[in-house]
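Structure below; questions to follow.
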Ligand code: NDP
């Protein structure tokens, strides 16, 4: 990701400047945790900006995107269902976002709209925060030696698969209800990365390896108390397995409960939400995100 050249007005510079705006484009958006995360961060750095919810019906998407070029608009976050469909509406798309085929952050840079994907690096930062992987001299996270079992093959799984493959993972197993979708994602990853990628639709065929990371990128557990992985399959995994559920609301899913009952290390998706938000903040403002302020706001 390239950095913005202009630092947005801060406490340090004492600049007042005009009122700035940034917001979330999606439909629906009312449930989002992003304002809760971003507004305290903007306030803490003295940036005179408001983080707004921009519910956008499909027929208004183009107008909404072009409005991001207006003076005082820093950019936007993008959520369901537009992470893929905004790509052709932007002026420049970051290579990682282009590879994933999804943008969750737009930056207005001198009236040119730049698209990024901060979900993928946000996931790696979250895993590292939970003690998984190592930080390299260039700031990237290495997952060398780990096997990742990725549950799901939808939008979130796609970003996760590219992030995992780029981190030097030893092997990637994609497990999805629809085998065809898992196979398509595996084939896509295999085009750019050398790590072996396997696709499965039946969890009973999973072969546990040491140093495994299990990541739930399905929506199973979001609305019902069910797990995307049968407990007897999870029980076969080694004691050093780390279980990450991208779901953050509810904070304790059935999968996390199963993992914790088996004394496996486990965490929910709040850390990924935090890190993708911090990376987006840095792209809009070119200032380090006040991570602990954002974390505290999210946990409140
Ligand atoms: P998609 O709709 O694109 O994908 C849904 C996935 O869930 C597919 O793999 C689908 O399988 C699977 N699935 C859905 N229902 C079932 C079911 N009943 N049984 C088995 N599999 C099922 O959603 P997203 O990828 O956008 O989001 C997935 C999850 O990730 C959501 O819970 C979302 O909240 C979370 N997320 C969290 C983020 C964070 O920051 N923590 C960021 C982004 C997403 P199939 O292909 O067979 O249909």
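Don't overthink the numbers, they just go from 1 along the chain as shown.
Here the Cβ of each residue, glycine as well, is placed from N, Cα and C on the backbone.
From TrEMBL, for reference:
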{"type": "ACT_SITE", "residues": "83", "note": "active site, proton acceptor"}
{"type": "BINDING", "residues": "32, 33, 34, 79, 104, 119, 248, 276", "note": "shikimate binding site"}
{"type": "BINDING", "residues": "152, 153, 154, 155, 156, 246, 269", "note": "NADP(+) binding site"}
{"type": "DOMAIN", "residues": "24-106", "note": "domain 'Shikimate dehydrogenase substrate binding N-terminal'"}
{"type": "DOMAIN", "residues": "142-219", "note": "domain 'Quinate/shikimate 5-dehydrogenase/glutamyl-tRNA reductase'"}
{"type": "DOMAIN", "residues": "269-299", "note": "domain 'SDH C-terminal'"}
With the Cβ under 6 Å from ligand 1 as the test, give me the qualifying entries from the recorded positions 33, 34, 79, 83, 104, 156.
156
Against which stretches of its own chain does the domain 'SDH C-terminal' (269-299) lie, if we need a Cβ under 8 Å and a gap of at least six residues from its ends?
1, 3-8, 10, 22, 33-34, 36-42, 44-45, 47, 74-75, 77, 104-105, 107, 116, 118-119, 121-123, 125-126, 129-130, 244-248, 251
Across the domain 'Quinate/shikimate 5-dehydrogenase/glutamyl-tRNA reductase' (142-219), what is the average pLDDT of the model, as a whole number?
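Computed over the domain 'Quinate/shikimate 5-dehydrogenase/glutamyl-tRNA reductase' (142-219), the mean pLDDT is 96 on the 0 to 100 scale.
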Using DSSP, how many residues in the domain 'Quinate/shikimate 5-dehydrogenase/glutamyl-tRNA reductase' (142-219) fall into helix, strand and coil?
29 helix, 20 strand, 29 coil
Reduced to three states, what secondary structure does DSSP give residue 83 (active site, proton acceptor)?
coil
Cβ-Cβ under 8 Å from residue 33 (shikimate binding site), same chain, 6 or more residues apart: which ones?
248, 249, 273, 298
Taking the residues 32, 33, 34, 79, 104, 119, 248, 276, which the record names as binding shikimate, find the longest CA to CA distance and state it in Å to the nearest whole number.
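It comes out at 17 Å between the most distant Cα atoms.
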